[in-house]
Amino acid sequence: MNSEYNAQKIEAQAQKYWQENKSFEVSEDTSKEKYYCLSMFPYPSGSLHMGHVRNYSIGDVISRYQKMQGKNVMQPIGWDGFGLPAENAALENKVSPAKWTYENIDYMRDQLSKLGFGYDWSREIATCHQKYYRWEQWLFIKLFEKDLVYKKNAIVNWDPVDQTVLANEQVIDGRGWRSNALIEKKKISQWFMRITNYADELIYGLDKLDGWPDAVKTMQKNWIGKSVGLEVDFPRHNADSIKVYTTRPDTLMGVTYLVISSEHPIALEAGKNNPQVQAFIDECKTIQITKETMKTIDKKGIDLGVKCIHPITSDDVPIWIANFVLIGYGTGAVMSVPAHDKRDYEFAKKYGIAIKKVINENISIDKNAMTDKGVLFNSGEFNGLNFDQAFNEIAKTLTDKNLGRKKTNYRLQDWGISRQRYWGCPIPIINCQNCGIVVVPEADLPVVLPEVMSFDSVGSLIKKMPEFYQTTCPKCGKMAQQETDTLDTFFESSWYFARYTCKDNNDKMLDKRANYWLANGGVDQYIGGIEHAILHLLYARFFNKLLRDEGFIKNDEPFKNLLTQGMVLKDGAKMSKSKGNTVDPAQMIEKYGADTVRLFILFAAPPTQNLEWSDSGLEGVHRFINKVYRLIMDFIQDHKSHAIGTLNNFDKAQKDIRLKTHQTLSKITDNMSRRYLFNTVIAALMKLCNTLSKFNDTSKTSMAIRQESIHILLKTLSPIAPHLCHYLWKKLGNIKAIINEPWPNVDKSALVQDKMQIIVQVNGKLRTKLMFSTDVDNAQIEAQTLANENITKFTKGKIIVKVIIVPNKLVNIVVK
């Protein structure tokens, strides 16, 4: 008997079989229900980390399970190839970003293969390949022609380390999301996408995403930030009025000052003639203010010395510059109501500005602002109105005076998509002095990113390459310049899920195959980290709608179901090289095998929770794999000298084994199909393996039961530990590979029990558990329960009020 489990040998055999038989290559098949499972594709950083292993193990189990359900399953993989890290690594190693990226792809592809993931490698894409990005250049032109892409001078987030512009979503607490550098504000010409045109649909579409975590939907809803309020004009003497936006027009009568951004045109004009104002403006430039940091910074301001006019009372209202007002949000001006806003209250107290209370007369504001809604007073004609009444009446008054209007605002702003770096998709635009902005003709696509042999400076190399940017205008034929900005890498990752469906089409961005795979809500299961909630996931939803409106796809949303997996921790912290707490998957695979690594990563915690790495835990699941191996090998040895009979005429021990087997199958089928609780699936299979290891009877019926049980064990374990199960299934003499086997069915007759366990409570507290025959009636259950010595000690000397029996489950004795 061969009892030695050789992971490397077994896994190599299985992987060779899958590759030679193209086990995971799929095409469209209308006779089957499709299932599209996708994990967020990796950035080719050099090697896989345990977070990758967890993400892709989850996706692979789901894919293999759905394949066993008879569905036409597609699970593709690719590479998010462009981006700053490649430039930084190339700079450090004095190589080209292309060389660094493609070498990493080769290495990581080998790592993924060794983990046994069931990918359709024929669909592999790399976003840095011109065959991929030519189509986003084509889409860019189509969107430009629809005015959904435009260029304007704008104040942007400038990362001084990475030397590029960042989108608002890429600034975290005032710092660059990759470099962690303090972000500066610059005014430069940039390309934008009108994501705000889709703001309402992006919000309302969230209500239809029943398969998404509520946390992600809430984050997106808050980021889009829809609000309904009033835009109010505060006139100025002999000058343009100042527009402010407010969601609390009920407080308008309590305005005692206005604050404007240090970048507001009024502030900049005042600074020309007032050195103190200019000094304050200069000070504001040194402070990194974001929507997130405004809550914590020291609030500072300066009185401009000029006033505006209250639109209803006509009173003079002083104008201040404050360091907490952002020019990029709203109008860059805010009406201040210190009696009813915490920040305004603190600012007014600090600078001795008047405070006028206009809501809830009986509540004191001596120590704090009163921010709740209530009944107006001290508000002239609006006295006695509640919030809704005041909103409508004040809106009507302002509209009649042409000094205000109802308005819907969004926190979401148009997406700045141009980057001042080399390693990205070139923007297909030509700048001509005569013709202005001209699109690159479709026949000239793709605009290919020129290769460089080495990389030795921060910034965009193509700005220094006249052979790239010097061109002729396709309209007038005169000298012109190719755009040297490249696209934000989120542009590439926003539509890759659709390109997988027809990667081999060189004539169209997408074809009819996209509608086959994206039918019924899009990708059936998407897997990735929650950190992508308001970046990639929002942009992908936006792009899906763009592709729909171009007529490529019919679905409104890209991802029907979303699973956000937890992080992999070690010593209580997220694994990172800087902390020195990383675990190399390659070393673990070499030592224990891929199945052991997969098993542990799925067993240690439910998919959505954080997972603590444990060497002892890894050893434990490795022992389990060895136990499964020995179990099947022992059966094979017994089968050499003992025949297998039929499944009938069972004794008690045989019934118990079948009961345990089919109870386990029922439980894990539920956990695999509905809840993805792979940790409980594995725990149940471990218990089943232990049970089967103790059942060694070799009678014909017992051999049939053992065969049935180990078939169920291997089939249900195969999505999780596919190499081992492939090998053992073949060893058992099965002709068809286990990857092509269906998921087993529960034999309900095996679940019929002669006895049942009943929980017994006294006044709702658990006191014992009793076994009864399944044919016993309630009267017998009550009599036997009341006579049980574990119960009589709780009922002795007391009056039994009633006995409640829940059939097959529980008895509750109520006493007093």
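Glycine too: its Cβ is placed from the backbone N, Cα and C atoms.
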Segment assigned the feature motif ''HIGH' region' in Swiss-Prot (from 42-52, 295-305, 636-646, 658-668):
42-52
Of the ranges 484-488, 574-578, 744-748, which one does Swiss-Prot list as motif ''KMSKS' region'?
574-578
For a three-state summary based on DSSP, what are the helix, strand and coil counts in the motif ''KMSKS' region' (574-578)?
0 helix, 1 strand, 4 coil
Same-chain residues at least 6 beyond the ends of the motif ''HIGH' region' (42-52) with a Cβ under 8 Å from one of its Cβ atoms are 79-81, 83, 85-86, 89, 101, 104-105, 107-108, 111-112, 115, 126, 529, 567-568, 575, 582-586, 601, 613
Structural state census, the motif ''HIGH' region' (42-52) (DSSP three-state):
3 helix, 0 strand, 8 coil
For Lys577 (ATP binding site), which residues in the same chain are close in space, meaning a Cβ under 8 Å from its Cβ, but six or more apart along the sequence?
none
